[in-house]
Amino acid sequence: MADWKLENCCDRQQVAFVAVVGVYIFVILALWRTPLLTPFKLITVYLHELSHAIATKLSCGKVEGIEVNLNEGGVTHTRGGMMCCILPAGYMGSAFWGMILIIMSTNDITVRVAAGALIASLIFTFFWARNWTLRWLCLAFIIFLAVVWVIQEVSVVKLLRYTILFIGTMNCLFSVYDIYDDLISRRVHTSDAEKFSELYPLCPCNGVGWGVLWGIFSFICLCAAVYLGLIILD
């Protein structure tokens, strides 16, 4: 029976899980503006744009392609669909996928499922991409994840679990940080939140307001992932 109240928390494995997430958060925030995190930031941009694409398909729209650029920007080319679902899906979807990856990193079987699903999506996107930056990104991460997977299989180091956990944490933080960067520190008027407020002016929130709400959702996803991870590890 699951220990939902975490009355028996925390054993060595649970402490290690929280500690690794904490270290990842510190490292990500400390190195955010350095080129060291660029590959992982680009993969979070990819998941952001993929979430737009999924929302487009679910709302009966057509996806004509996805782009990810070296300046850490991206765009999903769509026709039709419900913009009230498509625009929020980028940040909220990125946070959701981050939460799923963190949770699935807690088990040797589920982490393989997560890595396999991510590799499959990258293979599909390689042929669907609209620019070569995204194609090279897909190819590089397919090879990277495959190598990490093999290393875990032939050694005692849980490298694949740590990698998936890092990507998951990065996705949850990316939504919060990018919303802050786009809407508070420098106010980018082409952001999803600004576009959403322009399309739906009768809603009480402006672009910053929507960004804050989406950022809160992202933070909740991170906290929920850690909480559920602790329960699974119990």
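Each Cβ is built from the backbone N, Cα and C atoms, and glycine gets one as well.
What TrEMBL annotates here:
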TRANSMEM  15-32  transmembrane segment
TRANSMEM  80-102  transmembrane segment
TRANSMEM  109-128  transmembrane segment
TRANSMEM  134-152  transmembrane segment
TRANSMEM  159-180  transmembrane segment
TRANSMEM  212-233  transmembrane segment
Candidates 15-32, 109-128, 134-152, 159-180, 212-233; stretch with most C-beta pairs under 8 Å toward the transmembrane segment (80-102): 159-180
Recorded stretch that, among 15-32, 109-128, 159-180, has the most CB pairs under 8 Å to the transmembrane segment (212-233): 159-180
Same-chain residues at least 6 beyond the ends of the transmembrane segment (109-128) whose Cβ lies under 8 Å from its Cβ atoms: 46, 50, 63, 65-66, 100-101, 103, 134-135, 138-139, 141-142, 145-146, 148-149, 160-161, 163-164, 167
Long-range environment of the transmembrane segment (15-32) - Cβ separation under 8 angstroms, sequence gap at least 6: 102, 106, 162, 165-166, 169-170, 173, 177, 226, 229-230, 233
Beyond the flanks of the transmembrane segment (159-180) by 6 or more, those residues with Cβ under 8 Å of it: 20-21, 24-25, 28-29, 32, 37, 40-41, 43-45, 47-48, 91-92, 94-95, 97-106, 108, 111-112, 114-115, 118, 145, 148-149, 151-152, 191, 193, 211-212, 214-215, 217-219, 221-222, 225
